[in-house]
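According to TrEMBL, the protein carries these features:
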REGION    65-119  region 'Disordered'
COMPBIAS  74-99  compositional bias 'Polar residues'
COMPBIAS  108-119  compositional bias 'Polar residues'
REGION    254-319  region 'VHIID'
MOTIF     285-289  motif 'VHIID'
REGION    335-367  region 'Leucine repeat II (LRII)'
REGION    473-547  region 'SAW'
Amino acid sequence: MQASQENAIPDGSRLFFNQPLGDKESYCWSCIQNVPHYQCSNDVSIQGLHLSADTFEQHCTLESSSGTGGSCAARNSPSTTASFSTNESGVSQQNSLSYPSDVHDSPDQTSGSPTSESYVTHKLRELETAMLGPDLDVLNSCNNGILPAGGNSQISTETEKWKFLGEVISRGDLMEGLCICARFLEDGDMFTVDWLIAELRGLVSVSGEPIQRLGAYAVEGLVARLASSGSAIYNALRCKEPVLPASMELLSYMHVLYEICPYFKFGYMSANGAIAEAIKEENRIHIIDFQISQGTQWITLIKALADRPGGPPHIRITGIDDSTSAYARGGGLEIVGGRLKMLAQQFKVPFEFRAVGIPASEIQVENLKIQPGEAIAVNFALVLHHMPDESVGTQNHRDRLLRMVKGLYPKVVTLVEQESNTNTAPFFARFVETLNYYSAIFESIDVALPREHRERINVEQHCLAREVVNIIACEGVERVERHELLGKWRSRFAMAGFKPYPLSSYVNGAIKALLGKYSSKYTLEEKDGALYLGWMDRHLVSSCAWR
């Protein structure tokens with residue numbers, strides 16, 4: 001999944017990946033697009049403010065995220081390059097892989113046991129579990145039909161073990177085979193893991209069924225974990241020097257993903273609806289976006305506020321983004337500010353834009369330049385899961401940011417996150433959760449585009465694989481994809497002093513209209529003031545607001 005420096009491409013996204021895919025790679029859960037015009041339709045109103053599913057379809061595309069980048073050679077590991085290929089399951093290493101006798105010896109291979117952590121980190125994790133609760137959902141899902149802890153503890157002889165494994169492979173049970181391989185890896189049985197990986201490669205395909213496609217990237221995550229190369233692969237995809245032709249290709253992949261799945265539109269519409277409701281009577285508004293990306297989330301909100309009875313308010317947007325996203329934009333945050341200013345001028349909305357070009361985890365109050373008399377709205381759209389917490393080290397930026405924002409006395413704080421549980425779960429539980437979560441994503445893509453469709457292969461490889469490999473292969477600070485379920489986010493917000501701000505029924509109506517244009521297998525559930533977008537019986541994205 002790694003390209004050469006000569007063919008480096010900018011990244012531009014935040015969720016999910018045929019040409020030979022050894023050339024390009026990316027990471028997703030965000031969006032990118034140049035906005036050609038700003039005509040907006042109005043079919044849902046909130047106190048005179050109009051928010052529309054059609055408007056979002058017209059204007060919002062995937063945006064670049066912090067922690068993203070184009071693909072290039074791994075700079076910290078010059079002897080290792082990796083690439084996805086349509087002809088094989090995944091990463092091919094130029095150097096031969098030598099598997100360590102004990103996978104727990106490396107920082108990239110720890111599975112979350114206290115023996116592999118410092119005493120302080122272990123105690124912090126114990127405290128988090130006591131306050132936020134254990135990862136029971138993941139742990140329960142792991143033990144259904146898979147080998148128990150201890151790997152082959154229910155198999156009395158080597159002969160029985162190999163007979164059992166042969167039966168799993170012969171019947172082509174890819175999901176079970178992947179989970180068994182992960183269990184043996186966790187237990188340190190490298191010989192069995194090596195054999196299983198070789199067999200599993202014959203069952204996966206980037207143009208097969210959803211589980212076969214996801215399996216291709218899961219296998220390469222296991223290989224990267226064995227080789228301690230997960231971090232090198234992930235970081236290699238954050239190169240910052242753009243190559244414009246490749247940039248246009250990646251932009252095309254991101255646009256395809258945005259169009260075929262409603263995940264980003266759901267997040268933006270629900271967050272904007274909450275903000276519009278909270279500031280409907282304010283004359284000076286300060287929106288702090290902790291991941292501004294391309295800024296397309298704010299197009300419909302600016303248009304809606306322009307039509308507000310009594311005239312539009314003065315809007316000031318503080319856009320936070322590190323230098324990585326400039327790679328996808330083709331320039332700094334001034335590009336985003338310029339586009340939004342043009343839009344505001346067109347609709348006669350008083351507008352200011354202030355760029356803060358540093359990582360969200362480093363933000364301090366003084367960076368935000370708060371002014372007296374302004375109503376503050378804070379937007380956390382698909383960004384907080386990248387913030388390290390107490391399980392990573394003593395610097396808990398995830399909770400620090402929430403406490404800092406609470407001290408600003410905001411009118412509303414919006415949160416959009418992937419509904420997955422990969423933060424503190426040990427390796428095997430995290431592996432099973434990753435398969436369960438991303439299999440639903442791949443199934444939803446499967447409905448939208450044929451399996452042999454070239455764009456579908458590119459979208460999955462350039463957008464999803466990077467996340468999957470990072471979650472499976474990396475540990476400690478090198479694992480940056482650290483999702484939490486909304487239940488844990490609720491606990492964090494409550495501990496920071498926030499109270500829930502229920503989303504408006506008008507927002508629900510707009511999102512239902514949006515989902516009507518997609519597969520009937522998408523689900524929308526409102527629960528305890530929050531919204532959940534799902535695929536069949538699996539929640540995939542959650543959205544809520546706080547004050």
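Any Cβ shown, glycine's included, is placed from N, Cα and C.
Map the listed features onto the structure and describe their local environment.
For the region 'VHIID' (254-319), the mean pLDDT of the prediction comes to 93.
Remote same-chain residues near the motif 'VHIID' (285-289) are listed as 275, 279, 295, 297-298, 305, 313-320, 368, 370-371, 374-379, 381, 405, 408, 410 (criterion: CB distance under 8 Å, separation of at least six residues from the stretch ends).
If one looks beyond the region 'Leucine repeat II (LRII)' (335-367) by at least 6 residues along the same chain, the residues whose Cβ comes under 8 Å of a Cβ in the stretch are 34-35, 38, 66, 290-295, 298-299, 302-303, 305-306, 312-323, 326, 329, 383, 386-388, 397, 401, 404, 407-408.
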